[in-house]
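Everything below concerns the one structure shown next.
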Amino acid sequence: MVGTGYVGLTTGACLASLGHRVVCADVDVAKVHRLRAGHVSILEPGLSELVNEGLAAGRLEFVVGAAQAVVDAEVVFLCVPTPMGAGGAADLAAVESVIAEVRTVLPVGCVVVNKSTVPVGTAARVSALLKRKDVPVVSNPEFLREGTAVRDFLNPDRIVVGCDTQDAAERVAALYARLGAPTVLTDAASAELVKYAANCFLAMKLSYVNAIAELCERLGADVADVTEGMGYDRRIGQSFLQPGPGWGGSCLPKDTHALVQVAGAVGFDFPLLTATIDTNTRQRERVVSKIRHAAGGRLRGKRIGLLGLAFKAGTDDLRDSPALAVAELLLAEGAELTGYDPGVRGEVPGVRVVDDAYAAVKGADVVALLTEWPEFRCLDWSRVAELVDSPLVVDTRNHLDPDALQRCGLTWWGVGRGPANPLQVLAAVV
Ligand code: UDX
């Protein structure tokens, strides 16, 4: 397993728990030492336990450098970062440098697996860089969500394995046999595209819901009821229908931009996808205009208390967090920000990060909930009402109980649950 980030470490620890012998490599010497001692620095439920079980059973090892990990491997997983490079394309520098390091030491007949999300055609490119006719390259994308990565790995909706050599694809699929999941065996390009097609579809679903939420506000409809009514249609499903401040994280933003690039490279214009991205940018601006409105029309000098900074609950990950994008826009208009997130310690540019939710809302002109941590539901709202300067709470995820807040004298503004005047709406649409 080359790379011990979210994907590599979860895959390594979970494969070890399925009974395989796994050697995980990283270039970060200090991290390797920490992992050997059983210290997992990623906030991922169940991962630390699996790592320690694997170490104790002797099925999981950590080494410095890819070459040492691959020497007697039957299967080599590439799990290194593929960040967004210039112009939105995935940057494959880390993949290429691993190939350069391991190509001469790979055992005869082993299989190389691309686990990182890579552009369509990368399996072929890795094969060309390897210059090893005896080593097939397989695409085996992951579908792990941060915060539930271990559960997702052990209970997958599907396993996708793509290779132009059937035997190699079957060898990789066999590693997951104990999970009993539906398995799609296909060619490498199709497997690579599954990952992008799935993540971009999820992003599109969320942008659609956020747009419907905006429409609900204008029409006086309630997005919670609208999405519930939509979701009972089994072709749509209830999940991924929760409006919010926009989608973020380490995958959806990167993968949507990358697919625009991939499509553009073959001359395919993809307006559905660019609109998905634009709608998401607009969603962040919409959140800011709501907070501005709550602050009385101007943000300069206003104190905004931010509840949540991570891109979603259950993680400490700030990568492409909509909360930070909103914070940046608020700062640009001169607001003063204090923020609290149960998972986030340390510095966030422009935000005074405090240790509890009450410290974040103290003296606030507007409180904005940006991440759906369960503990925010259980806050003592009468205490919040005493601490704030103005009683306005903008709930960008419809996460809080409006009645509970109202009982404490707070005004709750959600998303897509607007108090539009039905008569005005009727006049506008008829
Ligand atoms: C995603 C994919 O779900 C996963 O399959 C892939 O392998 C990696 O990318 P992740 O980035 O961990 O996982 O987050 P996810 O739970 O999918 O949420 C993505 C974003 O959408 C978050 O910002 C989240 O807050 C937002 N979201 C999700 C909503 O706004 N509403 C929803 O109903 C669901």
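Positions of Cβ are set from backbone N, Cα and C atoms, glycine also.
TrEMBL labels come from automatic prediction, so no person has curated them.
Keep in mind it's a predicted model, so treat the numbers as computed, not measured.
Together with PHE143, LEU144, ARG145, GLU146, LYS195, PHE240, LEU241, GLN242, PRO243, GLY244, GLY248, TrEMBL lists one candidate of LYS31, LYS312, LYS362 for binding substrate, that being LYS312.
Taking the Cα of ARG145 (substrate binding site) as the reference point, the closest of the recorded positions ASP26, THR82, CYS251, LYS254 is CYS251.
Separating the Cα atoms of PRO243 (substrate binding site) and CYS251 (active site, nucleophile) is a whole-number distance of 18 Å. Closeness to ligand 1 is met by ARG145, these being the binding-site residues among ASP26, LYS31, THR82, THR117, ARG145, LYS254 whose Cβ falls under 6 Å from the molecule.
In terms of Cα distance, the recorded positions that sit within 10 Å of ARG319 (NAD(+) binding site) are CYS251, chosen from PHE143, LYS195, LEU241, CYS251.
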